[in-house]
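As recorded in Swiss-Prot:
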ACT_SITE  ASP19  active site, nucleophile
ACT_SITE  ASP21  active site, proton donor/acceptor
BINDING   ASP19, ASP21, ASP219  Mg(2+) 1 binding site
BINDING   ARG28, ARG133, ARG144, ARG151, SER189, ASP191  alpha-D-mannose 1-phosphate binding site
BINDING   PHE231, ASP233, THR236  Mg(2+) 2 binding site
Amino acid sequence: MAVIPIEERKFPKTLVLFDVDGTLTPARLSVSPEMLETLQNLRKVVAIGFVGGSDLSKQQEQLSVNGENVIDSFDYAFAENGLTAYRYGQQLASQSFIAWLGEEKYQKLVNFCLHYIADLDIPVKRGTFIEFRNGMINISPVGRNANTEERNEFERFDKGRKIRATMVDVLREKFKDYGLTFSIGGQISFDVFPAGWDKTYCLQHVEKEGFDTIHFFGDKTYKGGNDYEIFVDPRTIGHSVTNPDDTIAELKKIFNI
């Protein structure tokens, strides 16, 4: 489908950014046909982009249809909070977590986390407790290999026992001199990245693009959630949603699409 050039859209000075999990798709699941249609209609009137903590391959799995490259479906694609960034299909400069932190500190952090998780008493443990990404590490007490049913079970358990929140508090104190941010997101994990490398990082890529208005839609907009910083940032108009259906309803109401 041909894409209308931004300057020919109804609101060429407006950018709408989206979180992925819980906003455009159910957590770690694929985008719905209704959401895709809504985004296509929205792209006719404004510029659109996504910003997620996962690497681009995971966002490709969730947002791509029929093998289409996800970076072609959005004007801006920000993986790992914008540390891997694309503008109109062209990659921008990237950053590296490991180069910033250093191997020695990184290993101390990882070793502590693995020992901590080993001692946790939770219903199930699977695999991939720590996932290394370009701009952060993702830590999951249950393991990212958990299936959908196990993820749902852990999410319910975590709401009552505060497994992730407690671990984050411990890490903040233990590694307070590392200059790190700990941010809970999704169902089963939390992200660890340098202070300032939250989702607001992506805004540096669009600040000089001439937008008058930048909307952001996210579901983890509470303090400590991984959408909070960009949600409250003065450069954006934040919208808190509960699920993809809520996102669609809000978009139709705001942009009359």
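Just so you know, the numbers here start at 1 and follow the chain as drawn.
Glycine too: its Cβ is placed from the backbone N, Cα and C atoms.
Feature map: annotations from Swiss-Prot on the structure.
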residue : record                                   : CB count, 10 Å
ASP19   : active site, nucleophile                 : 27
ASP21   : active site, proton donor/acceptor       : 25
ARG28   : alpha-D-mannose 1-phosphate binding site : 19
ARG133  : alpha-D-mannose 1-phosphate binding site : 22
ARG151  : alpha-D-mannose 1-phosphate binding site : 22
SER189  : alpha-D-mannose 1-phosphate binding site : 27
ASP191  : alpha-D-mannose 1-phosphate binding site : 25
ASP219  : Mg(2+) 1 binding site                    : 24
PHE231  : Mg(2+) 2 binding site                    : 23
THR236  : Mg(2+) 2 binding site                    : 21
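Between the C-alpha atoms of ARG28 (alpha-D-mannose 1-phosphate binding site) and ASP21 (active site, proton donor/acceptor), the distance comes to 6 Å. Contacts of ARG144 (alpha-D-mannose 1-phosphate binding site) defined by a Cβ separation under 8 A and a same-chain sequence distance of 6+ are given as ARG126, GLY127, THR128, PHE129, GLU131, ASN138, ILE188, SER189, in order along the sequence. The recorded positions shown are ASP19, ARG133, ARG151, PHE231, THR236; of these, the one with its CA atom nearest the CA of ASP219 (Mg(2+) 1 binding site) is ASP19. The CA atom of ASP233 (Mg(2+) 2 binding site) is located 19 Å away from the CA atom of ASP191 (alpha-D-mannose 1-phosphate binding site). Cα separation, THR236 (Mg(2+) 2 binding site) to ARG133 (alpha-D-mannose 1-phosphate binding site), rounded: 26 Å. It is 17 Å from the Cα atom of ARG133 (alpha-D-mannose 1-phosphate binding site) to that of the residue listed as 'active site, proton donor/acceptor'. In the three-state DSSP reading, ARG151 (alpha-D-mannose 1-phosphate binding site) counts as helix. Of all the binding-site residues in the list ARG151, ASP191, PHE231, the shortest Cα-Cα distance to ASP19 (active site, nucleophile) is found for PHE231.
DSSP assigns SER189 (alpha-D-mannose 1-phosphate binding site) to a strand in the three-state reduction. The Mg(2+) 1 site is set by ASP19, ASP21, ASP219; from the centre of their CB atoms, other residues of the chain with a CB within 8 Å are VAL20, GLY22, THR23, LEU24, ALA27, GLY52, GLY185, GLY186, GLY218, LYS220, ASN226, ASP227. Residues PHE231, ASP233, THR236 make up the record's Mg(2+) 2 site, and a Cβ search at 8 Å around their centroid adds THR200, PHE216, GLU229, ILE230, VAL232, PRO234, ARG235, ILE237, GLY238 from the same chain. Counting every protein chain shown, the Cβ of ASP233 (Mg(2+) 2 binding site) has 16 other Cβ atoms within 10 Å.
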